[in-house]
Amino acid sequence: MDLASKTGKHLQLKETFDRRTKIHTFEMHIIKAKDNYAGNYRCEVTYKDKFDSCSFDLEVKGFVDIRSAFKRRAWPQPSHPPLVSCPREPKQDETPEVDVWEILKSARPDQYEKIAFEYGITDLRGLLKRLKKTKKEEKKSEAFAKKLDPAYQVDKGGKIRLVVDLADPTVELKWYKNGQEIRPTPKFIFEQKGTQRILVINNCGLNDDAAYSVAAGEEKCTTELFVKELPVKITKEIEAVKTTVNERIELECEVSEEGAQVKWCKNGVEVPTGPRSRYRVKSEGLKHWLIIDDASKEDTGTFSLMASGGTSEAKVQVELKPLKIIQDLQDMTVLLGQPLKMHCEIFPGNVPGRWYRNGQLIQSNDRINILQRAKNHRLEIVNSTIHDAGDYTFVPEGYTQSLCAKVHIVDPPRVHLESLNFPDNTVTIVAGNKLRVEIPISGEPAPRVVWMKGERVILDSGHRVRAETFSDYTSLTIDIAEKEDTGNYKIVLQNEAGEAGASIKVKVVDIPDPPEVPLVTEVGGDWCSMTWEPPIYDGGSPILGYFIERKKKQSSRWMRLNFDLNKETTFEPKKMIEGVPYEVRVFAVNAIGVSKPSEPSKAFVPLAVTSEPTMLVVDDVTDTTVTMKWRPPETIGAAGLDGYLVEYCIEGSDDWRVTNKELTEKTKYTITGLPPEAKILVRVRAINAAGASTPRTLQHSILVKEVIEPPKIRIPRHLKQTYTRKVGEAVNLVIPFMGKPRPKVSWLKEGQTVDPTQVTIRNTDCDSIIFIRKAERKHSGKYDMKVEVENHVDTAIIDIQIVDLPGPPQCVKIDEVWGGNVALDWTPPKDNGNAAITGYTIQKADKKTMEWYTCIEHYHRTCITITELVVGNEYFFRIYSENMVGLSEGATQTKDSALIVKEGMQLKNPEYIDHDFKEPPKFTQPLINTFAIAGYNATLNCSVRANPRPKVIWMKNKIAIIDDPRYRMFSNQGVCTLEIRKPSPYDGGMYSCKAINDLGDALVECKLEVKGQFGL
C-alpha cells in the first residue's frame, strides 16, 4: 500500500537534502501510534533507470504510563526526529503501579490538581484534555455492541473479513467504501451470524485499499483497510542473443505474478514502446516478451527487465552481414556542362548507402538524382559544373568499407572582362591611392595566369606592383599608384584545355605640380598685386583654377584668400595690415584635387606714404637764407617717417630745386645760398619707405631780405618769484628770448660779473641757460640778464635762494615746575638756514630710561607749558628748530631736570585676577541652505567664537576641500567665508564647516543647490 495517499494528521512524510554531503534523507512520522499500525514497512527509491529499497518491522506496545506521558522532559530533543516516532519506554519506578486513569475518572473535578501533584503529573492541562476525550469515548453505543477495529491489513490477492456485533439485530445495516455504498457481488459477500454482520472481500487488490464504514440506523463506525503488495519476482531469466542485421529478436522473461507491471530497459534506459517504435512488448500470463522485428547494429547492448522483486539482464549482439563489392566506382573525366553518371553494385542488396563528395554528404535535388535498385546504386548529375569535380565516395550504411573514385571536370580558360564595366577597358586611378583590379577568370583545371606590361612580366612577389591569382579571379595590385604606372597591361591564361588572353589600360591621374613662385609686382597700404606661372605638370587633368594663401612672415598660420577658384594667374590680395611683412603662395587645382603649395614669395610689407606736412611757416629770413618750420604729417602710417625733403623755386618758374641732398629728421630747415632780394616759393615733402608724400607748399612767396626784430625776454612764470633750492641740489634755469638778428646776452650777479667756475651759463639764438651742478648758500642772490640787438635792449632779474637746515635753538631753560606741569623758555637759533623758522619740536625723557618722546610738533612760539607729567618722575627736555627744509640736525637740551612731586598721597595698587578667556569653538551664526546660479560666484558664510583661535576646515559631502582652485576660503574676526567660483550643477551638495582648537570642535552644515542659468 502506498502511504503517500494516507498522509494527514496521524502520518507525515518528509524529505531533506544535505548539499554538503549530497545525501537525501526520507522520514516517516507517526504522530499517534495504534495497534493496527504494526507490521512491515518498505521504502522504495528510483532515479532514472536505477532502483533500490529497504524494509523494517514496526511493533506497537499497548501499555503507556500516564505519569510518564504527562511529565515534562528536561533532556534536549534531537535535531532530527527518528524515522518512526514511538513513545519512550517509561522508567520503572520503585513504587507499585497505580492506575491513575481510574482514580481520575471516579474523582471530582476539584480533586484533579491534588491527584496530579500526588502522582507527579506536571502537564495538568494536557491531562484534563485527554480525560475529557476519554470520557466522550466511553459513551456506550446504542446500535453496536462491538464496532470495527480502527484498521485492517491484508496481502494482495488475499481475503479479509470485516465483523461488527449489533446491539439490535433488527436494525438496517449498510456498508460503504470511500463513502460509496457496497452492493453484493462475488468480490463483496455479506454474511450474518446471530448479531454479527460480516463483510467478506475476496481477492484483494490495490484498488481495495480504502476507508470502509458501516451504518446502523443513525450510527456509523469506520475503519481503514491496508492492502500489502507482494514483490514480483523473476522466475525465468532472459537469455543472451547473438544475431545479424535484419533478423528478428525475441527476449523472453517469466515472473511470479500474472499482470505484473514490469519495465524493459536497454543499457539502463527505458525502451520506448509507442506505436512508431521499433520495439514491441507482449505479455501472456506470467511471461513477458520484448520483440525487435528488423534488428539493426544499433540494437547491440544490454537489455533488462525490472520488476518490483528483482531484475534480469541479458546481452544482445547484432552483427552485419559480410559486404561484397560486385562492381566498384570508376574514375571519370567529364567536360564542363556534360552529364555525370556514377554506378556501383554491392551485396547484400538491401543495404542503403550515402554518397559523399570531398567528404561532404550529397543530397538529392533538381540537378542531382540518387537511385538504388536492389544491389545497384547510381549517382546522376544532369549538368556538371566545376564544383562537381572531386573525390566521390559511396559508404554502405553500417559498414566501414567504402567505394571511392575521382571525377575530373575540364574547362578551357576564359577572361571575363565584360563583368568589370570599365569603359574601353580603361581603369582610372588617382596617384597615391591603392589600385586593385580583380578580373574574373574560369577554366578547369585552374589556368596559369601571366600579367605583363610591355615586355615586363609582373610577378606575385613584387613589392609595389604585383599580380595574384586565385581560384576564380586574378588581380593586379598597385599599392601606391604613380604616373609611371600608366599603360597597357596584358593577361595570358593557359591550361591543358587551351589558352586565352586580354588587356586592360591603366590611367594614373594626380594632383598637379605646384605653381611657380609667385611674384609681387606692386604694394599698397593694405593691398598688393601678384602674378605666377602655371605648373609644369597638370596631373593628367586640366587646371581648373588656383587657390591663394597668405601669412604673416613671423607666423606659421596660412589663411585662404579665395574660396572660389581663381581662373587667372594674377591676383590682388587686400585687407592686409600696413607695416606687417607678408608672404603669399599659390595652389593649383584640377579634377583630382589640390596641388602642394608653391614656394612662398619674397616677403613684402604693405606700406602707404604719409600725409603732407602741416603748418608750414617762415621762421627766419636773412639776406641769403630762409628758415622754414613745419609740423609732422597728421597720418604717418606703419612705414614710419624717414625724414623731410625741402624744395624751393624762384617765383614765376617751375624749376623746383632740392635744398637738402640728405633727408632731415627735424621739422626746421634753413635754405642757404639764396640770391638777395629774390622772391621764392618753398614746399616740403614727408619721405618714408613707401615714397614721398604730397608736398606742402607755402601759399605766398618769400622775399630774401633780413628784418630787424627788437629783443624780448620771456621769463617763465615760476622764475618771476624767488627761485628756491636746497643745498646740494642742481639748478638748471632756461630763460627764452626773441630778437633778430641773433641777440647778445650778458649776466651779472649783484652788479658783478658771474664767476664761470661757480655758475655755468650757455646762450643760444633763442634762450639762455644758467646751470649750477651742486648749489651752495653762496649761490643765493639776484642775477641780472641783458639781451641786446643793435640799439635795442631788454633786461630781467632772476632771484635765486639756496636754503639749508637751521641750527638748534639757544638757551633752553626750565622756568617753573608745579603739580604735573613744567614751563619751558628758549631763544631762536642763531642760524636759520637762509630760510624763515617755521616751528619747533619739543621732546621729553624720563631720567630713569632716557627714552625721548615727542610732546608737540610745529610749535611757533618760544615758550611752552608741558602738562600731564607723571608724579614721582624726573624729566629732561630738548627742542629742535624747523624751517622749510626740515628739522635741525641737533637739539638743545635743558641742563637741569624737573622732578614732579606731590605730597600727602599714597597710591595703593589693587590686585586683579586675570580672566580666563579660553573657550571651545561655538558657531554663533550657522550656515544656511543656499541656491546658486550656474556661472555666478556663490558664497557660504558663518561665524564662530573660540579661544585660542580655531582651525577652520571646509568640507563638501564629508570630504575636506584642500588646494582646489575653484574654492577660496577666508576667515576674519571669527567670520568664515567659502567662495565657490562660477559653480556648475555638479558643485551642488552638502557643505560643512568644522572649527577645531585644543578645547574641542564644532560643526555646521548646509545644502547648496546650483541651478542652470535663467532658471533652466
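Positions of Cβ are set from backbone N, Cα and C atoms, glycine also.
All TrEMBL annotations are machine predictions without curation.
According to TrEMBL:
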DOMAIN    231-317  domain 'Ig-like'
DOMAIN    322-393  domain 'Ig-like'
DOMAIN    413-509  domain 'Ig-like'
DOMAIN    514-608  domain 'Fibronectin type-III'
DOMAIN    612-707  domain 'Fibronectin type-III'
DOMAIN    711-799  domain 'Ig-like'
DOMAIN    808-904  domain 'Fibronectin type-III'
DOMAIN    921-1009  domain 'Ig-like'
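By number of Cβ pairs under 8 Å, the domain 'Fibronectin type-III' (808-904) is matched best by 711-799 from the list 231-317, 413-509, 514-608, 711-799, 921-1009.
Per DSSP, the secondary structure of the domain 'Fibronectin type-III' (808-904) breaks down as 0 helix, 53 strand, 44 coil. For the domain 'Ig-like' (322-393), the model gives a mean pLDDT of 88. Secondary structure of the domain 'Ig-like' (711-799) per DSSP (helix as H, G, I; strand as E, B; remaining residues coil): 6 helix, 52 strand, 31 coil.
Per DSSP, the domain 'Ig-like' (231-317) is made up of 3 helix, 47 strand, 37 coil. Residues in the domain 'Ig-like' (921-1009) partition by DSSP class (helix H, G, I; strand E, B; coil) as 3 helix, 58 strand, 28 coil.
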